[in-house]
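Enquirer: As listed in Swiss-Prot for this protein:
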BINDING   Gln87, Gly105, Glu106, Gly107, Lys108, Thr109, Asp509  ATP binding site
BINDING   Cys890, Cys892, Cys901, His902  Zn(2+) binding site
Amino acid sequence: MLASLIGGIFGTKNERELKRMRKIVDQINALEPTISALSDADLSAKTPEFKERYNKGESLDKLLPEAFAVCREAAKRVMGMRHYDVQLIGGITLHEGKIAEMRTGEGKTLMGTLACYLNALSGQGVHVITVNDYLAQRDAELNRPLFEFLGLSIGIIYSMQSPTEKAEAYQADITYGTNNEFGFDYLRDNMVFSLQEKKQRGLNYAIIDEVDSILIDEARTPLIISGQSEDSSQLYAAINSIPPKLQPQKEEKVADGGHFWIDEKQRSVEMTEIGFETVEQELIQMGLLAEGESLYSATNLNLVHHVTAAIRAHFLYHRDVHYIIHNGEVIIVDEHTGRTMPGRRWSEGLHQAVEAKESLEIQPENQTLATTTFQNYFRLYKKLSGMTGTADTEAAEMKEIYGLDVVIIPTHRPMVRQDQNDLIYLNRNGKYDAIVKEIKNIQETRAPILVGTATIEASEILSHKLTQAGIRHEVLNAKQHEREADIIAQAGSPDSVTIATNMAGRGTDIILGGNWKAKLAKIENPTLEDEERLKAEWERDHETVLSAGGLHIIGSERHESRRIDNQLRGRAGRQGDPGVSRFYLSLEDDLMRIFAGDRVVGMMRAMGLKEDEAIEHKMVSRSIENAQRKVEARNFDIRKNLLKYDDVNNEQRKIIYSQRDEILAEHTLQDYIEEMHHEVMVGLIANFIPPESIHDQWDIEGLENALRVDLGIEVPVQQWLDEDRRLDEEALVQRITDEVLARYHARREQMGEESAAMLERHFMLNSLDRHWKDHLAAMDYLRQGIHLRGYAQKNPEQEYKKEAFNLFVNMLGVIKSDVVTDLSRIHVPTPEELAELEAQQQQQAEAMRLSFEHDEVDGLTGAVTHHEVEEQPIVSSDHIVPPSSRNAPCPCGSGLKYKQCHGRL
């Protein structure tokens, strides 16, 4: 109330921002007559002039009015499009490192060219980030003529691109690509063996298209490059026979003979006592568990992992909802966009369990080699901005996590779409029948209809019902993504009915009357007559659709995010066009079933509604919106929590990657190696000669043996002490270090500077990468169990920081020890051996392909692409010796029962 009163007096923050930017727009418009008078050559020559002025110290802010005026004039001449004033405001917003919320169809792609052009003048590169390869390619090719006219180069990055092409794309003034590809290139750049292999030239400025999808929906998605671990395919296949014999328990706290309880919110399962006993018996019969042995003993934790994955695969992940089968592979379906994600795989053995369930070939599990999150990757950019049709509902999160303000850009023409109230039915069948009936009614007006569904399953049920009703229609879901552009291009034609799974991120406008240019492109060698005919047909169809009320949007289910619902609605009413939208819901919808209050559901059931009857009530609509707010708040908390923990990992990641860059950049690493020798010697000697100890406590024999075994060097420590009794601890350390270094220098001289430097670089990078990989696994295990510290009255976050720091320090010590040991024990290599070593490094670098993991916290779903780099067992967590009963207190000291703590699945 108070906020709205103050806003009414002083104007909202958004209104004040728009008022300030309109003054800059006035400056741009004032330059238009002068810029329009320039010849093409003079207009193109403005770019080198701006670059020179920038290099002499003029800021981009100062150049903005003139640069925007030049870009607008160039777009007018090259593309036949002139930026509206609202697009200029959007361009200013992007340049200032903010998020521009612009309605669908208002020209976000054209708006982005302004900020791209201005920021490319710095010569440091601009990255334009999209949600898929199709949009990156489309936008780059659409804008290429404009930027090339202005003297700027364009690059496109994509997966499986040759190293040369990718390097050239990153050297371009403006580079287009997907968020995944940019993120993976960053990780890959920090796994190379020479600076020349790096592709990215720094993270200067990024414009993220569909910014809410990338920074919100995929924020808790770690990017992971991984390698194969041990093969457990036979075990997955064997355990797959167990879940069909089990029954879920209906409620968590009410024992009803069920074997496990399902938590749909967390997408996790917890075994009951009966479940444990049943599974144990099954495993004993299979010969996987010895008679009298317990499933929850420390040695059988691997079996627990497999059983859990199998139950989740059978009861929580369903075909044509969470995944599809294509060419004998399980392909994940993105829950936010409805797109398939080829190559991505769920983690924690879930993907293998689904493959076993579907009787497909089971691929091996993976181990993490390098990882970051989108949250931390995008915060590395010096300046970040974004554009979307829907960001205002997540404005607080954008500000808190990324420091990005959201500016709502006014529409060029007033929005006249009618958003009608939701209709709620008793069950899904009644809802689907009502949708079919409504489609029949709308078809009488010849208006185009877009039906949005949340799952592939729902789209196919509706498609079946429409077919039975004799209604012609198109289906756009993960199974038809190859025809996506064609389907969307004609979705605005009269009489068209299109069923689409989650329109979020589709990135293509639906033009009322259809897209005559798309039809023309399909004609081989089109003539001018063809063009005129198609234009005339479109004008006739366009008028038909306008008179029918525009595009009609039917939502078959509310998404858990209001923003996704708004994106579906936003497909209608573009640029002042008419349109209608309405959502059809049922009590069986996941959002209603899981999150809506029992009181609302009970009240609706008590009303005695029939299957074909609907209610339309503000209280129910409010309840649905509150449910969505709860889910959004919960997901925000998860993302914030992920960031808290990943910030710890991120600081360590920065140190490791910085150290890697130093190793690659230095011509010689001799100083580093000598320093390492000294540190390692101090640590090694301290194991046998404790600091500030007396001679009687010294283990000289053990020290000499360690030097012989670890470093391959004979050091007569006892002889030195016999010869000089005054030799103290400090002097002894120095003398041993000098002896080891003398041997190192002699070998170095024998190899020659170039060969020695290459060998040192190889050992340092190899040790760093190997132990960093193991450290990531150890950090994963630490994170999975750190919440248990809360039961011991400790702060899990602080405990995580402390433990992570100790792990990191230990890792650095082990890396140094490894390098010194390897360099001490290796024989002087021949030129042929050095050449072979270099070839191996090249093969390893070329073998690195991206893999991608969704590994969401708290058991939420995730995906990982597996790529075999080398076979390595995953570091195991500390074992907890189980008590005699699962109801006994857990030995970890948490105060919980064992079954609710370390014995929990």
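A Cβ is built for glycine as well, from the same backbone N, Cα and C atoms used for every other residue.
For the listed features, I'd like the structural context: burial, neighbours, distances.
Expert: In the three-state DSSP assignment, the secondary structure recorded for Glu106 (ATP binding site) is coil.
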Enquirer: Considering the binding-site residues Gln87, Thr109, which residue's Cβ sits among the greatest number of other Cβ atoms within 10 Å?
Expert: Gln87
Enquirer: Kindly assign Gln87 (ATP binding site) to one of the three DSSP-derived states: helix, strand or coil.
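Expert: For Gln87 (ATP binding site) - judged by DSSP and reduced to three states - the answer is helix.
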Enquirer: Let me make sure I understand the structure: which of the binding-site residues listed (Glu106, Asp509) has the fewest other Cβ atoms within 10 A of its Cβ?
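Expert: Each of the binding-site residues Glu106, Asp509 was scored; lowest Cβ tally within 10 Å is Asp509.
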Enquirer: Using the CB centroid of Gln87, Gly105, Glu106, Gly107, Lys108, Thr109, Asp509 as the ATP site centre, which other residues of the same chain sit with their CB within 8 A?
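Expert: Apart from Gln87, Gly105, Glu106, Gly107, Lys108, Thr109, Asp509, the close residues are Met102, Thr104, Leu110, Met111.
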Enquirer: Compare all C-alpha positions of Gln87, Gly105, Glu106, Gly107, Lys108, Thr109, Asp509, the record's ATP binders, and send over the largest distance in angstrom.
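Expert: That value is 17 Å for the farthest Cα pair.
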Enquirer: Tell me which residues of the chain lie with their Cβ under 8 angstroms from that of Lys108 (ATP binding site), as long as they are six or more apart in sequence?
Expert: Gly90, Ala100, Met102, Asp209, Met387, Thr388, Gly389
Enquirer: Near Gly107 (ATP binding site), which residues of its own chain have a C-beta under 8 A away, given they sit six or more steps off in sequence?
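Expert: Residues satisfying the criterion: Met81, His83, Tyr84, Gln87, His412.
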